[in-house]
Amino acid sequence: METAIESIQAREILDSRGRPTVEAEVHLVNGSMGLAQVPSGASTGSFEAHELRDGDKGRYSGKGVLTAVKNVEEQITPNLVKINALNQNLVDSKMIEIDGSPNKSNLGANAILAVSLATAKAAANSVGMPLYRYLGGPQASLLPVPLMNVINGGAHAANNVDIQEFMIVPVGATSFKEALRWGAEVFATLSGVLKDKGLLGGVGDEGGYAPNLGSNQEALDILIAAIEKAGYKPGEQVALALDVAASEFYKDGNYIYDGATHSPSELIDYLASLVDQYPIVSIEDGLHEEDWESWVQLTQKLGSKVQLVGDDLFVTNGSRLQKGIDMAAGNSILIKLNQIGSLSETLETIDLATRNSYRSVISHRSGETEDTTIADLAVGTRAGQIKTGSLCRSERVAKYNRLLRIEDELGDRAVYAGVIGLGPKSRS
């Protein structure tokens, strides 16, 4: 069979934080090849698939991935050789079966995902299709609105800002190319605004600035100033989004932010006040990943106004998403390939979300590589939204540039999601 898997290679490479990660090559009988690299997160949900690290303190402070690489070569490869790469479900289910654990802890989600993605790329190459077309068919023509993380706080930066990500969202653009330009211009202007205030410093893991600010509101005020100074209208042309990452400042049933301890209802009221004051269209992880009842209350209060995204809450896991659907907790899901650990399961989760009117936001991780799979995934699934960081750091920009190429390839068929990719407030 020409599209059968002939060989698989894996190696230890570095991610954008200088930490080891897994890269895999899948070679088919017909000579087609797929190459994939897996990312890793800093702020990770407790229910994510297991990222296998060596634990050898003498190498990379214990963060090496040679065990995962060895698992690809010695356990995965012998079981996948001769399997048709066009049968993604079979490839993935075979690896999950070999692993045998509930969270991919035996082989490692990083080993399984690297092979899963490389297989899909090899299969796409074998039939002469770009990955987005292979995944989504002829209807894959929707370019996502980017949620651009331009001010970093929380676990992504060494500063005193509680909220992890402050994002700009170019909802009013007419094309992805225009959206990217708007974002880049606001980001460049933001540099000047911070410099004028004596706040310009380094950037965080995802390329956003990480200034020491007096409050979370100050970050929002600075973003509004940058949007206006760049010549755009806040809300109408460029909106705002937050990743609160509330699990990171949750302790004993309460939330510690702004230097004080607050109840879940106080945090909900605080987020509601921000939505009233600023053109915020999306809030991610507004509450702790196990604070389900508070999530229901948050959704009742804000779900008709803004997008409420579950990241740590859902961890790209279909069973957790189903619980959220049943409870009416949140209205959107963040999709991170390495949270669940295979392409097939990721696509199943996106399908479950779509069937239940939950939106999907395709996302990078804070520890990234030059792999651009998520750009193709966003277009292939018609997700309408992507999170892939700021407008600097090449591992972030690589995804934006891939989307520019896809838009060019699609030509007149390309449609930019803009406000249709987002929640109720942006459509009102």
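Cβ coordinates are placed from backbone N, Cα and C, and glycine is handled just like the others.
A quick note: this is a predicted structure, and the numbers were derived from the prediction, not measured.
Swiss-Prot lists Glu206 with the feature active site, proton donor. Annotation comment: Swiss-Prot describes Lys336 as active site, proton acceptor. For Gln164, Lys336, Arg365, Ser366, Lys387, the entry in Swiss-Prot reads (2R)-2-phosphoglycerate binding site. Annotation comment: Swiss-Prot describes Asp243, Glu284, Asp311 as Mg(2+) binding site, evidence class sequence analysis.
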Neighbours of Ser366 ((2R)-2-phosphoglycerate binding site) among recorded positions Glu206, Asp243, Glu284, Asp311, Lys336 (C-alpha cutoff 10 angstroms), in sequence order, are Glu206
Simplified to three states, DSSP reports Ser366 ((2R)-2-phosphoglycerate binding site) as coil
Sequence-ordered, the recorded positions among Gln164, Glu206, Asp243, Glu284 whose CA is within 10 A of the CA of Lys336 (active site, proton acceptor) come to none
For Asp243 (Mg(2+) binding site), the spatially nearest of the recorded positions Gln164, Glu206, Arg365, Lys387, using Cα atoms, is Gln164
Fewest neighbouring Cβ atoms within 10 Å among the binding-site residues Gln164, Ser366 goes to Ser366
Same-chain, non-site residues whose Cβ lies within 8 A of the Asp243, Glu284, Asp311 Cβ center for Mg(2+) are Gln164, Glu165, Leu242, Val244, Ala245, Ile283, Asp285, Val309, Asp312, Leu334, Lys387
Whole-Å Cα distance, Glu206 (active site, proton donor) to Arg365 ((2R)-2-phosphoglycerate binding site), is 8
The rounded CA-CA distance in Å from Glu284 (Mg(2+) binding site) to Gln164 ((2R)-2-phosphoglycerate binding site) is 10
Whole-Å Cα distance, Asp311 (Mg(2+) binding site) to Gln164 ((2R)-2-phosphoglycerate binding site), is 13
Gln164 ((2R)-2-phosphoglycerate binding site) falls, by three-state DSSP, under coil
One finds that other Cβ atoms within 10 Å of the Cβ of Asp243 (Mg(2+) binding site) number exactly 28
Same-chain residues at least 6 apart in sequence with Cβ under 8 Å of the Cβ of Lys387 ((2R)-2-phosphoglycerate binding site), in sequence order, are Pro146, Leu147, Asn149, Met167, Leu334, Val361, Ile362, Ser363, His364
The correct three-state DSSP answer for Asp311 (Mg(2+) binding site) is coil
